[in-house]
Amino acid sequence: MSEEVTYATLTFQDSAGARNNRDGNNLRKRGHPAPSPIWRHAALGLVTLCLMLLIGLVTLGMMFLQISNDINSDSEKLSQLQKTIQQQQDNLSQQLGNSNNLSMEEEFLKSQISSVLKRQEQMAIKLCQELIIHTSDHRCNPCPKMWQWYQNSCYYFTTNEEKTWANSRKDCIDKNSTLVKIDSLEEKDFLMSQPLLMFSFFWLGLSWDSSGRSWFWEDGSVPSPSLFSTKELDQINGSKGCAYFQKGNIYISRCSAEIFWICEKTAAPVKTEDLD
């Protein structure tokens, strides 16, 4: 009888323990439910996103580092290029400075040579004038025979016949010259000093141009008022015709009048070899 009770008790206890275990498991299951599949996917996506962001940041960092290195390299190249350009500019400036110095030296030498040649020409002219005055044994003849030499011009005073202004002009052209033109007071004084002009009338290359309503020299230039006295200006402004020289003054007459005339042409240069 006691064995049966014991068996029953053990059986009861085992059954109660198993039940207690099952109840404990059920309680644990109810207290800590299993994770939901949706949250698991969300967590996985978040981790993946973090990894992608991390990879992106690393990639951007590497790109930034590479770009920084490239910029630094380009900056060094640019700095070197600027130094090279500056050096070339300095060299060019120095060369230009040397060229300017050479140009200044060249101009100085040219001016010196020009000055020497001018003095030599003046001395040759003076010597030639002395030879013409004092001797006939020379080859210095800047003007043809019967022509008078003054400064850079030769003058021919016609006294063997009288002609109108137009015919006198033609005769000068035939002599490869023109009717005289007064360019300066010195030239006017030279003409006034000629004895022939004290007693005779001589045509000048000054005439009234009716088409232009003005006075012109043979070369087309307008006479300068500073070359004429007040009396002469009154003559010129109050008359129309052709100008002539007489007794050191300029007068106006009919161009058809027949008087003497003066031709003028450029003198030949004086050659030093003709002074021997």
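Cβ atoms are placed via backbone N, Cα and C, with glycine included.
If you look up Swiss-Prot, you'll see Cys172-Cys263 (among others) marked as disulfide bond, on the strength of sequence analysis. Around the Cβ of Cys263 (disulfide bond), the number of neighbouring Cβ atoms within 10 Å comes to 24.
Annotation comment: Swiss-Prot describes Cys242-Cys255 (among others) as disulfide bond. Under the three-state DSSP scheme, Cys255 (disulfide bond) falls in the coil class.
The annotation domain 'C-type lectin' is assigned in Swiss-Prot to 150-264.
Annotation comment: Swiss-Prot describes Asn91 (among others) as N-linked glycosylation site, evidence class sequence analysis. In three-state terms derived from DSSP, Asn91 (N-linked glycosylation site) belongs to a helical segment.
Every protein chain shown contributes to the tally, and the Cβ of Asn176 (N-linked glycosylation site) ends up with 10 other Cβ atoms within 10 Å. Look at Swiss-Prot and you will find Asn176 (among others) tagged as N-linked glycosylation site.
The 10 Å shell around the Cβ of Asn237 (N-linked glycosylation site) contains 11 further Cβ atoms across the protein chains shown. Taken from Swiss-Prot, the feature N-linked glycosylation site covers Asn237 (among others), and the record attributes it to sequence analysis.
According to Swiss-Prot, the phosphotyrosine annotation covers Tyr7, on the basis of experimental evidence.
The motif 'ITIM motif' annotation in Swiss-Prot covers 5-10. Note on the motif 'ITIM motif' (5-10): its mean pLDDT in the predicted model is 44.
As annotated by Swiss-Prot, topological domain 'Cytoplasmic' applies to 1-43, with the evidence given as sequence analysis.
The topological domain 'Extracellular' annotation in Swiss-Prot covers 65-276, and the record cites sequence analysis as its basis.
What Swiss-Prot lists as transmembrane segment is 44-64.
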Separation of alpha carbons, Asn176 (N-linked glycosylation site) and Cys242 (disulfide bond) (Å): 21
Cα proximity to Asn91 (N-linked glycosylation site), best match among recorded positions Cys172, Asn176, Asn237, Cys263: Asn176
Alpha-carbon spacing, Cys172 (disulfide bond) to Cys255 (disulfide bond), which is rounded to whole Å: 16
